[in-house]
Amino acid sequence: MGKPLISASILAADFARLAEEAAAVKNADWLHVDVMDNHFVPNLTIGLPVVEALLPTTDIPMDCHLMIENPDRWAPPYAEAGAHNVSFHAEATDNPVAVARDIRAAGAKAGLGVKPGTPIEPYLEILPEFDTVLIMSVEPGFGGQSFIPEVLPKVGVVRRLIDAGELSIIVEIDGGINADTIEQAAEAGVDCFVAGSAVYSAADPAAAVESLRRQAAAASKHRR
Ligand code: DX5
Ligand code: ZN
């Protein structure tokens, strides 16, 4: 495992000042943008026009998390716009491999998201088509929820394949990551940690990013 990545989630930022809020976490590895359509999840956030407006204001690689129906149609434009990683949900499409190929063809990394109750086993065979796997540790739709530790065995399943040399993928976790929960996720084998409220509710968001990264790096040395 390399250095842990922190993906700062602007869902917890001030939406009226998105460019400034992105600049406040310059040291984040990725900038996590939660796209919700009020169909796949019971909440509505921002979409492609806002992502297109935000992209040129920041150098931080953008990590778009699409909690939307019909990613077959809507995911590739995020890659075309210049997102670094585009994750969509396994539960939202019958053709995850086709969507991943379209995202990669448009020049971005492709990510497969799974909700807390979705097993990972049915998707292991297609993970080589992806660059990232986004394991949700809360029910998607809202920030500020409590971490669900029961998802960590899924991290372990993927991590063991990586360690065995059978797969190359970034394991990302999303939901409830903070100073109290990041260590158990790191010990389970997570590479990339999404953090929203833990970063933006801090007086100094950049310091929070740095502190989370340091905690994850130390804990990943004690892998289970
Ligand atoms: C939830 C989103 C998360 C959210 C995490 O549906 O996918 O990315 O921003 O927020 P926290 O870190 O507050 O749990
Ligand atoms: Zn997210």
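The backbone N, Cα and C atoms fix where each Cβ goes, glycine too.
Among the features that TrEMBL reports, substrate binding site is placed at S9, H65, G141, F142, G143, G144, D174, G175, G176, G196, S197. For H32, D34, H65, D174, the entry in TrEMBL reads divalent metal cation binding site. Taken from TrEMBL, the feature active site, proton acceptor covers D34. If you look up TrEMBL, you'll see D174 marked as active site, proton donor.
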Using Cβ atoms only, which residues of the same chain lie under 8 Å from S197 (substrate binding site) while being at least 6 residues apart in sequence? A12, G143, G144, N178
List the residues in the vicinity of the substrate site, defined as same-chain residues other than S9, H65, G141, F142, G143, G144, D174, G175, G176, G196, S197 with C-beta within 8 angstroms of the site's C-beta centre. L11, A12, D34, V138, Q145, V194
Between the binding-site residues G141, G143, whose Cβ has more other Cβ atoms within 10 Å than any of the rest? G143
I need the neighbours of the divalent metal cation site defined by H32, D34, H65, D174. Which other residues of that chain put their C-beta within 8 angstroms of the C-beta centroid, in sequence order? S7, S9, L11, V33, D63, C64, S87, L134, V194, G196
G176 (substrate binding site) has its Cβ surrounded, within 10 angstroms, by a count of other Cβ atoms equal to 24
Name the one residue among G141, D174, G176 whose Cα is closest in three-dimensional space to that of H32 (divalent metal cation binding site); these are the binding-site residues. D174
D174 (substrate binding site) sits from H65 (divalent metal cation binding site) (Cα to Cα, rounded, in Å) at a distance of 10
